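K.L.:
Could you have a look at this structure, given as structure tokens, before my questions?
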Amino acid sequence: MGKRKELKLEIHESGKTIKSQKLCGTNYPVCISFIVVNEFCERFSYYGMKAVLTLYFINYLHWNQNLSTAVYHAFSSLCYFTPILGALIADSWLGKFKTIVYLSVFYVLGHVVKSVGAIPSVGDSTIHIALSMVGLILIAFGTGGIKPCVAAFGGDQFDEEHTNERRKFFSIFYMSINAGSVLSTVITPILRGNVQCFGGDCYALAFGVPAILMVIALVVFISGSGMYKKSPPEGNVLLDVCRCLGLAIKNRWMSSKYDSKRKHWLDWAEEKYPKRLIHEIKMVLRVLVLFIPLPMFWALFDQQVRIQFIRSFPVFCSSLFFQMLNALLILMFVPIFDVVVYPLIGLSVKSLLPLSLFPHSVSKLIGQGYPWQIPQYALMTAGEVMFSIPGIEFSYSQAPANMKSLLQAGWLLTVAFGNVIVLIVAEGAGLDQWMEFLLFAGLLVAVCIIFSIMAYFYTYVDPGELDKLFPDKTVNEDEDDLKKDQTDDTMYLNSIEKSTNM
């Protein structure tokens, strides 16, 4: 029976034993198909709305170029700052599944409000602006809030021994993002321009279709509820982390030369907080420090969709064309990289992330004329594939179990700060376009060198080892117990100490 599915017993968050179904003799859980379809529909919803947002501001709300630019980038930045809120809710309060469901409801409401605001007969221009802003804020909190949770929730569905399948899942996950982007970027502008309603371009329909897709995304995700592994939240993680950091800094600052030395500055919090929590914070800080240079990648990447350079409708269409080209190239490149490149050089932060920065910076130096555009986008797409997919997988694999969403949010914050860098340079520097491109490309080359050095000294850790070292998450073990038969564990901890000392 070719369609036979393997069954494996898993523990549900309620404590009940449920059956985890596998796809046709593979190690892929059936439930990931619901997650991938959900992501496709959600990305269709988001990018479909953004595809016509600029024209909506200019042609429907009659805003000028500068105001449209400011609001567009503010909205984009908010979408990548709000993931930290969703991560906190998921890891500390509701869990990933409920967080995705509840925030998706806000997401749907935002699309509905945005669509209603595009109906001419609903109030005057003030009402339209108010509804549009409320809708965009709800969408930003919805899409941003679920971003770190969906990827981490998908990774949770795999058994620890199936790391290769989980890595391939993140590639499939990223392909679904770009498949939704391609279709929505084609369909929603057609709906706006070719369908007439209320005596003009039908923005209400162009915003309404993404709303319908978001409803479908929510329904599909909930449909797989009985198959998911749902890890329960473990209390207010962020509050514990902040208090632990505060106590460590306070004790370190107030310590005297007569106090015993500590291997790591966070060890000054051992008098109050469990050693497991301290080591989990060390793991997260190591990764976050590694992320510091990465916003420059997204700052340069954002140049291809800069709204400031949209001067006319034909140029706007050209921008949409190259966005679609970028997404199509990703759909082509991901399988190639997954089968050839990743196995050849190894999927690791030491190899792929530094390498990914070079083609992206070089692409801005080979010319800005239209004949050069396709090679440029091919190089940028290669860099994006080598950067984004390993970044998502790395953020998941190096995070403690109770901080998976939090570290995914940290990864997404690199995008937000990249947008902030663009706004600062674009609005404050006053440079010509070619000078901006040259500046960003040069900065990214410098960042690539810095990041390569940082990645070289990074030591991979296995979060699962913490369960062996600290079986009780809330109690400190005696030092004598920790020293017994733990030579390998000591080496593991030393790798953390070495990489996070300040």
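Cβ coordinates come from backbone N, Cα and C, glycine included.
OK, TrEMBL features for this one:
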TRANSMEM  69-88  transmembrane segment
TRANSMEM  100-121  transmembrane segment
TRANSMEM  127-150  transmembrane segment
TRANSMEM  171-191  transmembrane segment
TRANSMEM  203-222  transmembrane segment
TRANSMEM  283-301  transmembrane segment
TRANSMEM  321-345  transmembrane segment
TRANSMEM  406-425  transmembrane segment
TRANSMEM  437-458  transmembrane segment
K.L.:
Do any residues, 6 or more residues outside the transmembrane segment (203-222), come within under 8 Å Cβ-to-Cβ of it, and if so which ones?
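P.N.:
Those are 34-35, 37-42, 44-46, 48-49, 52, 56, 60, 100-101, 104-105, 107-108, 111-112, 114-116, 118-119, 184, 187-189, 191-192, 195, 197, in sequence order.
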K.L.:
Pairs of Cβ atoms less than 8 Å apart decide it: which stretch in 69-88, 100-121, 127-150, 283-301, 406-425 has the most with the transmembrane segment (437-458)?
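P.N.:
Counting Cβ pairs under 8 Å, the winner is 283-301.
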K.L.:
Which one of these stretches, 69-88, 171-191, 283-301, 406-425, has the most C-beta pairs shorter than 8 Å to the transmembrane segment (127-150)?
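P.N.:
Per the Cβ count, the answer is 69-88.
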K.L.:
Look over the recorded stretches 69-88, 100-121, 171-191, 406-425 and say which has the most C-beta pairs under 8 A to the transmembrane segment (283-301).
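P.N.:
Per the Cβ count, the answer is 406-425.
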K.L.:
Between the stretches 69-88, 100-121, 171-191, which one has more Cβ pairs under 8 Å with the transmembrane segment (406-425) than any other?
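P.N.:
Ranked by Cβ pairs under 8 Å, first place goes to 69-88.
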